[in-house]
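Lifted from TrEMBL, the feature list:
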TRANSMEM  B:16-33  transmembrane segment
TRANSMEM  B:45-67  transmembrane segment
TRANSMEM  B:87-105  transmembrane segment
TRANSMEM  B:125-141  transmembrane segment
TRANSMEM  B:148-168  transmembrane segment
TRANSMEM  B:188-213  transmembrane segment
TRANSMEM  B:225-245  transmembrane segment
TRANSMEM  B:274-298  transmembrane segment
TRANSMEM  B:310-333  transmembrane segment
TRANSMEM  B:345-365  transmembrane segment
Amino acid sequence: MTTISIEALKQRLALMEDAEVIVRETADGLRLTFIYLGSLIDQERLNESILEPLVRSFQNSVEKSLTTAKISSLSNLEQAFQYLMKGSVLIHDSSSGRWNAIMLPNSLGRSIETSETETIMFGPKDSFSELLEQNILLIRRRLPLTALKTERFSVGSLTQTTVVLMYIDGLINPEFVEVAKSKLSSIDFDMFLDSSHVAAFMEDHYHSIFPQYLQTDRPDSCAYALGIGKLVILVNNTPFALIAPITLFHLFQSPEDYINRWLVASFLRPLRYLSFLLSITLIPLYVALTTHHYQMLPLQILYVIIESRSKLPLSPFWEALIILVTLEIIKEASLRMPTKTSQNLGVIGGIVIGQAAVAAGFASKVLIVLAGISAISTFLVPNYLVTKSSLLLQFMFLILASYLGVPGILLGLVGMLAHLNGLTSLNQPYLAPVSPFYWRDWVDLFVRGPLHAMRNRPEALRPLNKYRMNRRSK
Amino acid sequence: MQAISLFRKTSHQESGFYALFLTNRIQMLYYMIVMPSALVQPYMLLAIVAMGIASQFCLYMLSKWFVTPYPAQGYQGFERLFGKTGIKILALVSLPLLLLKFSFISVSYADIMQKFVFPSMDREWHIVFPFILSCYLALFGMENMVRFVTVVFFGTIWIFFLYIPFFSVQSNSIHDLYPLIPIGPEPFAWKSLLLVFSSLSGPEFLIAISYWLNPQRKMLKYLTIANAISVGEYLFISIASLLFYGSKYLPTIKYPNVEMGRYLQSPIFERVDIILISAYMFSFLYSIALFVLMIYGASRLLGKTKTSTTRIGLIVSGCVAMAVTIPISKWFWEPGLEQAVWLDLQMWAGSATYLLFPLLIWIAIKRKARTTS
């Protein structure tokens, strides 16, 4: 362990123009050296809460002069640098030779805004920001419990990102906490700039296209997840928290499900599953029918398709592939371009795809309609990562449909379900409560049952406290 | 990276539902494929009920196995009951039966697929493609396979409801369901009995996977429900086909169930049978994946059981099953021969295993109880 010295600190802080080393003398004649990084600390608080009281103090030590500040005593150089880089002011008392640190982090950041990725019409509007403490506050406000535990971890050899594991003690299955802790402790990588990086290292199956941790920037979603026996992982400098363990079905649930009337929510939820299915199979089905199974189409529809395809030089597969790739190029471009320009792109894209492609004889009108339905369907799934996954699935199904027709699509579906059945999130099955089968959890699965019927927490999560209602009030 | 263990067990969730779903889906496997020109007279509906009762007797014997402590012990449980040599003999007997079942289902399904969906494609390809996917399914291990049955059950049970419209066809006549009691001695009635009984066979293979089923005391209840659902489905589809075709025309059709799908109409699709046959693949794939795992398990019992399981081992087992199936399809599945030989063979083998395996287990349990007391 290297002992702390001003020279050693100055040497390491060389060529850092925001590093400050100042010396002040107190009224009692105590000589104090202050070392800090100007960009990381709150300068105003330093002047008002530290420098001014100390300079005017007649006490003979820093601790006695600053009775309200949280002062940490430092013992070695590495520890001093850790504090320094996290927004602390290092104070050296020349008379006693002691080194102290006071945390004064710069709280500069975004204010609490509305979520842009998970918008809802009704319900809480606040969302997480990049400030970790603020994010913890937003959850603690909703769950004012002493049982709500927060454990801190540091990941990334370069970024030293703070990760906070949150759970309700006495409710959550302790196995989840143990697994999460062991995964977080064993992470070995240099940079973690977003929670998705942490998720990538915690996932059980990182080759899969399906996310195994739910990313959300909504505190109400996190509070709900904690309340039913899941854990939440907050990562510093990112507004997206991770929720685990999750199942495939959680990716189709929206916070609005619990705000809408249960019958309305029960209608909308199956609609999301259906749209996901449509988004991955609609165009492949068109290719399968027009390539292999013309006989499956009723005569009136067959006339429309034959008329539409009669002058096309391309096979249905190539026709669909070109349209889908073009559509994806336009979607991707509209994401990267400035907002105002992207609106124009939408119009140009619509004209190019809708009219020019048909007029030029690259695509049939029927396919354009189906591509439109398919593209819109992807947006019904609340989770953005699933939307992106569905794109790859769509191409896979397209290839299967072009070679094997309808049985090919079914083969693909069985393969996808088999893959999903093998997935786990925090070692818990990804297809629960269907496989493994927990019939009591079906009240909030394909439909959203009335809240009164959700007396128990999900059985699949095996919570320590499984009742959501006071059992005497039943 | 976690070492692959195809036969590991991590979950101890007690649920009779897996046994229920498995029993029902396996029992429905054949009936859809081979239903049969043998079950064409209305009075044969009674054969279904009679064989349902006989099947219940087999399931009763099977349930006796589930209440003993042996299934929960896995291999050790079998070893305590039969001894090491006994297990090897059982594995040796089971292997050809499993291979026969595997081949028969594969070729039958491929035959339907070729006839109704893809006539231009060789039948062998219809065997190979599903086989590849079933190997993928099996690679997730027995525990995953067992719980996947829920997805399979809910993914295929809806097919049954598509037959409801056949009860409301205007040309239906109640007279097609008469006579319910046979008049005079009927030739080959025993064959239809045997066919129904063999169609209901399959649950005996639950013995091999009982370790992963986490059996509980009420297993008979779940097995009974499954059997009742299967018998109900048999009756339902048989009555639908009798009403739709009439008992005179029915014997002339090879796959009445599948053909009926052709008459279903929707505003978007015609030839709904193509979708039905494809959807039925779900059940079929699951079953062959389960049989591949069982074949691998049985071959390990004959060799070294202490070495860990490997993906290659499973794939090799699957390839062996393919090596039996492809030649059967290529050279020994001739028109006429399939009915005369393979269906008969499967009927006898299926009925024998369904009756003898639970009986054997029951006797072994009784014997063991007597020797230990």
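Every residue gets a Cβ built from N, Cα and C, even glycine.
Keep in mind that TrEMBL annotations are predicted by a computer and have not been checked by a curator.
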- Task: Could you tell me what the rest of the chain brings near the transmembrane segment (B:16-33), counting residues at least six beyond its ends with Cβ under 8 Å?
- Result: 55, 59, 66, 105, 108-109, 112, 146-147, 149-150, 152-153, 156, 198-203, 205-206, 209, 213, 215-216, 218-219, 221-223, 225-227, 229-230, 233-234, 237, 257-258, 280, 283-284, 286-287, 350
- Contact call for the transmembrane segment (B:274-298) against the transmembrane segment (B:125-141), three or more Cβ pairs under 8 Å: yes
- Message: Should anything in the same chain at least six residues away from the transmembrane segment (B:345-365) have a Cβ under 8 Å from its Cβ atoms, list it; otherwise answer none.
- Response: 30, 55, 58-59, 61-62, 64-65, 68, 70, 81-82, 97, 100-101, 104, 191, 194-195, 197-204, 207
- Query: Have the transmembrane segment (B:225-245) and the transmembrane segment (B:188-213) got at least three CB pairs under 8 Å, pairs 6 or more apart in sequence?
  - Reply: yes
- Query: Under an 8 Å Cβ to Cβ limit, what residues of the same chain, 6 or more beyond the ends of the transmembrane segment (B:45-67), are close to it?
  - Reply: 19, 23, 27, 39, 177, 180-181, 189, 192-193, 196-197, 200-201, 203-204, 206-207, 210, 213, 215-217, 219-220, 223-224, 227-228, 230-231, 234-235, 238-239, 242, 354-355, 358-359, 361-362, 365
- Answer yes if the transmembrane segment (B:87-105) and the transmembrane segment (B:148-168) have at least three CB pairs under 8 Å among residue pairs 6 or more apart in sequence, and no otherwise. no
- Query: For the transmembrane segment (B:125-141), what are the same-chain contacts with Cβ under 8 Å, counting residues 6+ beyond its ends?
  - Reply: 4-8, 106-107, 109-110, 113-114, 118, 148, 281, 284-286, 288-290, 292-293, 296, 311, 314-315, 318, 322, 325-326, 329
